[in-house]
Amino acid sequence: MSEQFLYFLQQMFNGVTLGSTYALIAIGYTMVYGIIGMINFAHGEVYMIGSYVSFMIIAALMMMGIDTGWLLVAAGFVGAIVIASAYGWSIERVAYRPVRNSKRLIALISAIGMSIFLQNYVSLTEGSRDVALPSLFNGQWVVGHSENFSASITTMQAVIWIVTFLAMLALTIFIRYSRMGRACRACAEDLKMASLLGINTDRVIALTFVIGAAMAAVAGVLLGQFYGVINPYIGFMAGMKAFTAAVLGGIGSIPGAMIGGLILGIAEALSSAYLSTEYKDVVSFALLILVLLVMPTGILGRPEVEKV
């Protein structure tokens with residue numbers, strides 16, 4: 001294989017890895033918007049909290065003498081999902097439910113306030129400096145090599161791909177075949193009609209926040225292990241990128257969030273490799289603007305018709 005092709009292949013691996021985690025976080029944005037038509041701008045901080053919870057659990061278990069990588073990560077996943085889900089439920093009850101019927105600007109201000117509160121809460125309790133995470137998966141598989149370059153898939157990348165696939169599969173099965181999943185779809189179609197038909201819409205909305213928070217927590221554990229460092233401010237940019245992915249794919253569409261995340265991750269990886277890391281954010285948001293100019297509802301979004 002040529003060195004140029006191997007280099008491109010490596011960037012594709014990196015892009016799919018990054019895009020998978022963006023897609024997981026974007027699920028929360030798109031599900032909440034699909035049902036109540038609001039953006040949860042505190043969602044990125046839930047991702048950050050998931051990273052911190054997994055770090056604390058893994059560190060505690062390692063101090064107890066447990067050093068099996070998969071067991072540590074599994075415990076980190078469980079703890080992060082439980083705590084992040086509780087935060088997601090609390091955000092809905094505190095920041096959204098009281099203002100759900102108010103103007104959207106009020107809900108936006110409430111969400112931004114919750115985001116700032118969570119960010120500063122973690123900064124005060126855990127410190128504002130970077131925290132290094134223990135590296136639990138260090139292996140890699142060489143896919144191809146030339147004289148000066150080798151394309152490889154690390155164990156952590158493989159873990160990210162597998163976990164993302166399983167999480168998306170579980171969510172799809174839940175939405176399509178479970179009773180609560182059907183209730184979620186009904187609320188997404190028409191919230192008022194779903195309420196008239198006897199569906200507990202408050203419960204469905206709270207569940208939507210919990211599911212989104214759980215997905216963000218999974219992404220927090222994965223990216224924390226992938227990058228090896230976390231701080232209280234990682235949630236802002238990750239949240240913005242995931243929001244971009246959701247809008248890119250068509251906000252309100254779960255498959256759109258998946259596609260948008262992958263496109264955004266690959267675009268970032270390629271721009272970092274062939275231009276400069278300084279331009280990756282520029283390329284990401286420029287791509288969003290370009291897509292919205294051509295397809296205002298995103299790739300898989302549906303146009304909304306408002307009757308007056």
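Placed from the backbone N, Cα and C atoms, the Cβ positions cover glycine too.
Look at Swiss-Prot and you will find 1-21, 126-154, 225-245, 302-308 tagged as topological domain 'Cytoplasmic'. What Swiss-Prot lists as topological domain 'Periplasmic' is 90-104, 176-203, 267-280, and the listing cites sequence analysis. Annotation comment: Swiss-Prot describes 22-42, 46-66, 69-89, 105-125, 155-175, 204-224, 246-266, 281-301 as transmembrane segment.
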Among 105-125, 155-175, 204-224, 246-266, 281-301, stretch most in contact with the transmembrane segment (46-66) (C-beta, under 8 angstroms): 204-224
Positions on the same chain near the topological domain 'Periplasmic' (176-203), where near means CB under 8 A and six or more residues out: 31, 34-36, 97, 252
Within the topological domain 'Cytoplasmic' (1-21), residues counted as helix, strand or coil by DSSP: 19 helix, 0 strand, 2 coil
Stretch with greatest number of CB pairs under 8 Å, the transmembrane segment (22-42) reference, 69-89, 105-125, 155-175, 204-224, 246-266 candidates: 246-266
Residue counts (helix, strand, coil, in that order) that DSSP gives for the topological domain 'Cytoplasmic' (225-245): 15 helix, 2 strand, 4 coil
Within-chain partners of the transmembrane segment (69-89) [C-beta distance under 8 Å, separation at least 6 from its ends]: 28, 46-47, 49-51, 53-58, 61-62, 118, 136-137, 159, 163, 206, 209-214, 216-218, 220-221, 225
Residues from the same chain, set at least six apart from the ends of the topological domain 'Cytoplasmic' (225-245), whose C-beta lies under 8 A from its own: 17, 19, 21-23, 25-26, 28-29, 39, 41, 43-49, 51-52, 55, 73, 115, 118-120, 122-123, 126, 128-133, 135-137, 156-157, 159-160, 219, 257, 260-261, 263-264, 281, 284-285, 288
